[in-house]
């Protein structure tokens, strides 16, 4: 500790000299009035010194008592020494009353820096230097040469820089003096802090401030422990920390909420009970959860007050608390009602507050304060932030144990305000949006064919057009037709900008019209006289015509090139799977996490020479996915089949950056059984390869279509068709599943019940059961069959995968059967291989705006507002369910994507129940297609429902099997699983197209 203290005395000397050379002899009486000022502020920029025009949050200015010092070269003004902590930020400012213009020049270590003098409202010259994030490299002399019409001047500042990394100040704590009934206040810090007791005889908030009720004692030991409010405070160069002696006063009315004391494991506990009575005939006791405290964990003191009443206190203490010290501490007296306090022992600190974003709108001069109500332990350090500038934060305790921080110094500026708080264990951020109401301001203009008006204001203004008669200023007749209001735009945290246009042919020429914009703040109007424009001149001169064409042709060529370039760039590769950060309660209050600045973890790197490429699995405009054999990617000496995702050979830097961002996101995402998981990557010495799991059966869409002829509603039908040829496999295991009745994530998988080294902890029967189940799955795949239970299982697995993505704050944005892959055991995995799909020729992707979008799978808010959330993925999941239970029919069959399609979506149109879906499954689809995204189910809810459906299906199958081959036509006959008759045939895809055309 002594070595640290010696090192802490090391100070960096920073001389900032504002130098002015005298050009003429002056006396003390002739010297101008110069004031040197120090302004401390929060860090907002780089560490280099910047002129005063750099925006910062300034604290109260401190006068440095600038005095003249005679030198042979002229007059030098010297200010008091300034101390600033390393990484601190200050502004050194000189105010001088001198006539005429000023010019200045900063010089630092023989290098010139810019200088911008200005004048304040008192016509004083102001020269400032902001020194931000002070470091050792900034030690030295700063010279500022200021020249005025009268003379030149020099001012000297001396700044000491402290190394704050060696400075510490910890919150003080109490300890009982040995063999004495007294408290010792201890605070650890560098430099060594000074300790004082702050005693107050009042219960009011004034105890925290200077006042007549406050008594200060600069000593470490306190013997008088009868005061109303007792605090121990420690102070050093870093600031001030205080700890209050927690007290229950039996003479005070109990609080409306039970007082609560928080401590962390290992901290000391001190809790005081105080009571006053007319005589000494009473006692005090402490109990913890109705059990008296042990001897030696408390001590009692008593004294008589000035009015001869007895004051008695009982202090309970624990030198180092543990979790067993949590509970209700009750102080009882024979003359007073008992009172309790809840002591909570924490493993680490916390900050509890509502983090949802809040939005306010106020008048331009309305008084308003932001406020945050929170509960925290330990005490927080907080700040308010606006426009990258920090403002001081004040916090005040409330009676219910909460604290509140208010910010009123916003000067009615619109924008986003942030409250940031932290303590040793937690961080908290809350965002506010402030809108300032403003009356619209209208600007008008007229052209040959129309008159238009524009306005800005808040709230969004509305428009009216009125006709005036005989050029009278009284315009009362409203113009109902020929008015077109353009969609309003909003400046960032500012006013709404809107416009309205009147078609002159509708109103007639030669009229006086008035356009008015109005909102809750008032109305603003402009009057326009509509002239009658003459006919457009007809071009008769062929020479002029061809000359015009010749001049325009180069511009047309350039325009075509630009359009082609834009068309090429607009379809740039981007991963559909994105991780989002929600910033507020509304659907559009989020942003995509940008992984470009994240570091790539090289533990995922795989030697590219260990890849042996095979066939191309898919190829598109941006790249391709290839099958490959990876040697040693899962286990040394073992090769497995993988899918390798790569860009095309001539990919640009933006596409390469997008692929690297996708790689970093996948490394953060983690592993899940129903996601195509990342296995590794090749990023060094060549093109970027992303190595994923290989799914042998391709995408779910084509898988379903290929199994249409092999689909059976029940396993009973399969038994009959195959003459029970594989039933003996299960005869020895009557409790095992039917082929295809997989428990997909309904029970823990085998690898989760095994040790880390793979040694199973299952019994032999369980192992045999798993082996038989795997054999059943392989035999089922050989039979090339598909059942209703398989469809239900596919839906459940996709919901599980999306539940995982929702937990990871990811949105897929292109959830469809074509983006779900099938592998062994009919396990399905969600993927994003969009770069290997030719979206230019894929009919599922339709041009909308400047992008190709999977319109028929998109939620209304995504389609019309560009908003993508997990709830929009729920809508897409409903479309995916329709694909599954129609065995791969295109959604909205027979309905082309045109203006009528968008109207259908906006009107709430929903597809009919697919042939293979039950009423329950169709109900899930309809729930997913709720127009209001808030009414759609979450993926955990979908997983739970489908899991129950799957379990019921298996249970029904077991009951109907009864250990023998069933003779009934359907194992589902007792639960009405299908909405059609069991014997009916599904309509063909062409027939389904016809049905939808008729109903739409």
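Yeah, the Cβs are placed from backbone N, Cα and C, and that goes for glycine too.
Residue-level annotations in Swiss-Prot identify, among 352, 941, 352 as N-linked glycosylation site. Record check of 542, 627 in Swiss-Prot: the feature N-linked glycosylation site is attached to 542. In Swiss-Prot, the annotation transmembrane segment applies to 545-564, one of the ranges 505-524, 545-564, 565-584, 585-604. Distance from the CA of residue 115 (disulfide bond) to the CA of residue 200 (disulfide bond) is 51 Å.
DSSP assigns residue 104 (disulfide bond) to a strand.
Applying an 8 A CB threshold to same-chain residues 6+ apart, the list for residue 331 (disulfide bond) reads 248, 250, 273, 284, 285, 286, 314, 338, 339, 340.
Taking Cβ-Cβ distances under 8 Å and a sequence separation of 6 or more, the neighbours of residue 393 (disulfide bond) in its chain are 382, 383, 384, 405, 407, 419, 421.
Taking the C-alpha atom of residue 369 (disulfide bond) as reference, the shortest distance to any of the recorded positions 36, 115, 445 belongs to 36.
Comparing residue 115 (disulfide bond) with residue 152 (N-linked glycosylation site), their Cα atoms are 15 Å apart once rounded.
Comparing Cβ neighbour counts within 10 Å across the disulfide-bonded residues 104, 273, the minimum falls on 104. Between the alpha carbons (Cα) of residue 104 (disulfide bond) and residue 152 (N-linked glycosylation site) lies a span of roughly 10 Å. Considering only the glycosylation sites 307, 324, 352, 474, the residue whose Cα is spatially closest to the Cα of residue 814 (active site, proton acceptor) is 352. A separation of roughly 21 Å, to the nearest angstrom, links the Cα atoms of residue 36 (disulfide bond) and residue 133 (N-linked glycosylation site).
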